[in-house]
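Chemist: Please read through the structure below; I'll follow up with questions.
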There are 2 protein chains.
Amino acid sequence: MVDTARTMTDGTTADGAPAPIEAPADSSAVRVDTEALGRQLLGTWADARLASRKLAGRPEMQRIEGQSKEEHRERVFGQLKLLVENGQVLRAFPSAQGGQDDHGGNIAGFEELVSADPSLQIKSGVQWGLFAAAILHLGTEYHHEAFLPGAMNLDVPGAFAMTEIGHGSDVASVATTATYDEATQEFVINTPFRAAWKEFLGNAAVHGTAATVFAQLITKGVNHGVHALYVPIRDENGEFLPGVGGEDDGLKGGLNGIDNGRLHFSNVRVPRVNLLNRYGDVAEDGTYTSPIASPGRRFFTMLGTLVQGRVSLDGAATAASAMGLAIAITYGSQRRQFTAGSDTDEEVILDYQRHQRRLLPLLATTYAATFAHDEFLVKFDSVFSGTADSDADREDLETLAAALKPLSTWHALDTLQEAREACGGAGFMASNRLVGLRADLDVFVTFEGDNNVLLQLVAKRLLTDYSKKFAKADPAALARLVASQAADRAYHGSGLRSLAQTVADFGSTARSVDHLRDENSQRELLTDRVETMIAGVAGALREARHMSKADAAAAFNAQQNELIEAARAHGELLQWEAFTRALDKWDESTDPGTTQVLTWLRDLFGLGLIEKHAAWYLINGRLSPQRAQSLTAYIDRLLTRIRPHAVDLVNAFGYGPEHLRAPIASGIEQERQDEARAYYAEQRASGTAPLDEKVLAKQAAKAAKAAAAASVPKKQGKPSSKPGRPTATAAAK
Amino acid sequence: MVDTARTMTDGTTADGAPAPIEAPADSSAVRVDTEALGRQLLGTWADARLASRKLAGRPEMQRIEGQSKEEHRERVFGQLKLLVENGQVLRAFPSAQGGQDDHGGNIAGFEELVSADPSLQIKSGVQWGLFAAAILHLGTEYHHEAFLPGAMNLDVPGAFAMTEIGHGSDVASVATTATYDEATQEFVINTPFRAAWKEFLGNAAVHGTAATVFAQLITKGVNHGVHALYVPIRDENGEFLPGVGGEDDGLKGGLNGIDNGRLHFSNVRVPRVNLLNRYGDVAEDGTYTSPIASPGRRFFTMLGTLVQGRVSLDGAATAASAMGLAIAITYGSQRRQFTAGSDTDEEVILDYQRHQRRLLPLLATTYAATFAHDEFLVKFDSVFSGTADSDADREDLETLAAALKPLSTWHALDTLQEAREACGGAGFMASNRLVGLRADLDVFVTFEGDNNVLLQLVAKRLLTDYSKKFAKADPAALARLVASQAADRAYHGSGLRSLAQTVADFGSTARSVDHLRDENSQRELLTDRVETMIAGVAGALREARHMSKADAAAAFNAQQNELIEAARAHGELLQWEAFTRALDKWDESTDPGTTQVLTWLRDLFGLGLIEKHAAWYLINGRLSPQRAQSLTAYIDRLLTRIRPHAVDLVNAFGYGPEHLRAPIASGIEQERQDEARAYYAEQRASGTAPLDEKVLAKQAAKAAKAAAAASVPKKQGKPSSKPGRPTATAAAK
């Protein structure tokens, strides 16, 4: 894509050792078009994002650090009302209810609220993305008319009562029951034991007056699995209705603007029509019917309508990563610490290799996640708008959500933490935002599907696809396949993805990093790893179908870690591909600078993944030791090339001071540094600086040495005892 | 050490592929002596730890979650007064001042306060470990008599005014000046510009009435470098004294029980005798004298007296890791989720391989860090008690502190985060402690020396030791050495540590994991890595001494990441060695169970490190691909062996419910699970359970299939399309 990058000197010498890294004289000569890049980063629903960012930039929508949880909860509830006034929340709903049927734009807008206050974003998600969305997607016309208006305009704040204390990610096992009583044509809702209390529900502690309650639907003595019912829970005075009880979850690690709480039900009766009956209904006489015959597929379909939570977490987490990096990289480009190459000026900390190593790969990953998220949102929109909503589309969307949400939410925590550490003590101050964002986003990795559980879901899908592919093969071919795999580990299987080209044995043919810089090599290495890992697990499990249930479970469990790592590798590949497709949209002839810098950044992402998993590539013969080593040297070089563009790359995210609101990213550090340097420069110029005892001592020592040298013959070529002149106190000089 | 472990089936088959992992039938048969192990974990100052834990178990010493920062600050200040009453704080001070000269016991006791509230621990550290300790260690008799009593009994709460906004880890560059005025025999303290404001000082925002101020000492026009002065800052009404100003740092990411703030000085005058003059004094006429001629060594010595901050962070971080694991592993051993191997009972989550992979290696590391900390504390005590306090001892102590503090504080954050995630939503509740501990400990990784800066200090020491070793070699030998290194990468250099035995080329001779299980193999692999990395950097820097200052700095910077990784590897080796020495104290003949389980745990730690750095070992020919792969398989087996002992291993840390205070670790989860299982068991027994539509559907399908099979000839050997019976919805069943 960018010839300059390819034709530069190889990262290794002939013997494979890293060559000395020259300063990248040309890398700062190119320019990034931050405006055009910014437009690309905003993605398909740029207008919705910009409108939401404008709203998020208003002080009344923003978090006030240090509020008590009670104050914070009330503030956020008030902000939700502002959202209603603004009309923003209606976007996803049907035109019949005054909405715009704009699913992608709706999510894009919600995500951007994270810059105002993650509690605002998540409480909005509870009200409109879960409570109201359950009414919309699981209910039918009656519910849309009876319940949706109140949910939409916040007259009825609602809880989404799915999770129980005893069952988080395992929704199918919730223990709350909704038993149909033919005599009264009511459902009777019960919490059979303590573990079945509904738990962690936003709006449950204070504000909610109704809930969509997920319960095992029992009629005529048969349990038809989990269904949702609309259940009023509080009266107009905020008191629990008869049979309903609950508790406040109290203080949490973050998101304290949301009133999470617990609910339980004792013989709470609701009319038959309160069953959200799109995917399963009970007639007056208690007869159960469903448009989906298979209970498993019905459950999957019902839960699938709620995928938007995962979509928006993916986007909000990535936005928070971008903000964290904007703060840390701005600060790192102004902050100076320790003199190294100069007698007077301290170094800008982003010029230190370690600092680059800490932040720039995270920047590359944030770009990848941003591009991947936009593709994900397009997929979501096509399913929910009905333009492409086959079962296969829905399954692909689910798998995409399960692959991307874990990666981006973990990435956000890693990024915000590294950003906070990279800003030192200043990063720990609440005013600089990093600790608060991290605390609020912490729960993103376990809610809306625990990340590990989601990745296991992805892995199972990859295994299913793999097995489907070979279902058509005859047994002898399958046996040969397994044998060849064990023998040379060079077989390249197929998972969800497949490749047109055969992957070569890189280990034995490689001579330089050229190959690694090549886009196709990166793709092949990343794809190959997913496929080989899945094929390996499939091989290890091929006897499991003959086993007892307990033995098969044990065999599966012995592969669990590998499976989850394979799913992660799959997600990383999806991010890399999205980045590469985004890169393809740039034209080197019209914008060589941006194309070049983005190519470096994509390479940093791709090669960073390969470096992270280098042991796997080495063990499996995909990389030779020389190449793996030159990989690290080349990444070091990419860091120095990207360094001059780091500030442009975070500015392109487009977050203004009204979003970042971190004093250390406001230019204040630059002012302080300039003031300090001017002070010392003036002292030196005016001769008012005190003499330095250290300098005086060195001068004295030098004079003494010169006197001694004049009287003693010089020794020949004595080796230095101090490479790099290190001393134990050098770092504290 | 433990034959049983060695003689079990190899982790690999003949061709190097991982063998299927059987359930470790024998591993739960052995027993851990938790009481004896607990005594060992308490370490050398067990009594001081137990006394402090007893104190920390008192409700009035403990954190109340959800307090405002103002309430929290006052509560912690009150707790400090309780500590004074308790007499605990006097332990480290001289008998002349009513202390006990017990340096190790003092630190051990302080560390354990972390279980009550990290704010209490750190505010104590500010008052007695920094402010009072500076008076003690940097001052002389006058200061001990005039200022120490008030600092000790909290009549004078004090700030330790070292860090400035512009200079954190680079203490030597602080810009505050203390200029001697011969006319009045006073020091004049000034803050020359905004970046020189003292920053992040505990006690500065509210409570402090004095400070030990670190400033460039200038007399007779010469700057003698950083010295500390005792400076009153507030009057009896809490108002700043003339010339002193400041600000409250406000809310932080944690530790909000401490009133951190900023201070600045405008012509603040203190008497000449307020200079803490142990290492540098100014006579009435302005003449500067010091017992240490070299300004660099003087600075190093002064800062060295303050190493106890790093010591206590290492211990407190490790204690917090132990508490986090006690909570998560207790919960994980009671919590059940998803049925896998049974139709009725859900699996205990700690039985999932992934859950073990997430928590047990962290447990192994916490053991290693605990044992390493005790050795560190012994070293600290010997230096500070004067039994072994040569310059070399002090330097070794500094290096040890700089190596261990980064590892244990990062480990604590990783552990508390993984523990929180492993407890799902419950882990996010403040009541379960994990999020609060993590938030409070966050700043441990950047204060008392930024972790990256400290590791660089370690690396420079390793480089210095390396170069000293070869300073005696003749140039030709050195050249040959460098050449042989480049050629076969098999040279094993020497850093701070050296080895009696030569390290073999593991890559070409390995056939099984036996070698890896061997203690000496682990030591050799870990040692070799440190030495080879340091030798590699030394080689890369050997030309730097001929370069300009700027070029040399650039050359050094190009090695910075590798250097820091080498220092980390050195710290990991120190931890591994401490674990191994602790293990050596167990006698297999008298306690085979504990010896065996601890051996597995040490192996998990050591092999975990080797697995983490497997790419390095592969690239450098220290591990063959087969061996690297069998390593992972063997670690998987270790996990299943250690699993039955996990609860014993966390119980051995000895933290009671009064320390953990996490409902999820109280047994409440077990009660809920038992209640739920009893409910379903009773339903099954009484026949009152509703029928399951899913089961009915399966029975119907089976019946239909049987009918079809009876009429159609069976196909031969059709391969299964579903290895391990995965389905896309399986995880959500």
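Cβ atoms are placed via backbone N, Cα and C, with glycine included.
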Chemist: Name the residue range among B:86-112, B:491-517, B:653-679, B:707-733 that TrEMBL annotates as region 'Disordered'.
Modeler: B:707-733
Chemist: Among B:1-28, B:225-252, B:253-280, find the range that TrEMBL records as region 'Disordered'.
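Modeler: The range carrying the region 'Disordered' annotation in TrEMBL is B:1-28.
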Chemist: Helix, strand, coil residue numbers for the domain 'Acyl-CoA oxidase/dehydrogenase middle' (B:159-268) per DSSP?
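Modeler: Residue counts for the domain 'Acyl-CoA oxidase/dehydrogenase middle' (B:159-268) by secondary structure: 6 helix, 54 strand, 50 coil.
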Chemist: Note the mean pLDDT of the domain 'Acyl-CoA oxidase C-terminal' (B:533-665), expressed as a whole number.
Modeler: 95
Chemist: Would you list the DSSP helix, strand and coil counts for the residues of the domain 'Acyl-CoA oxidase C-terminal' (B:533-665)?
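Modeler: Here the numbers are 106 helix, 0 strand, 27 coil.
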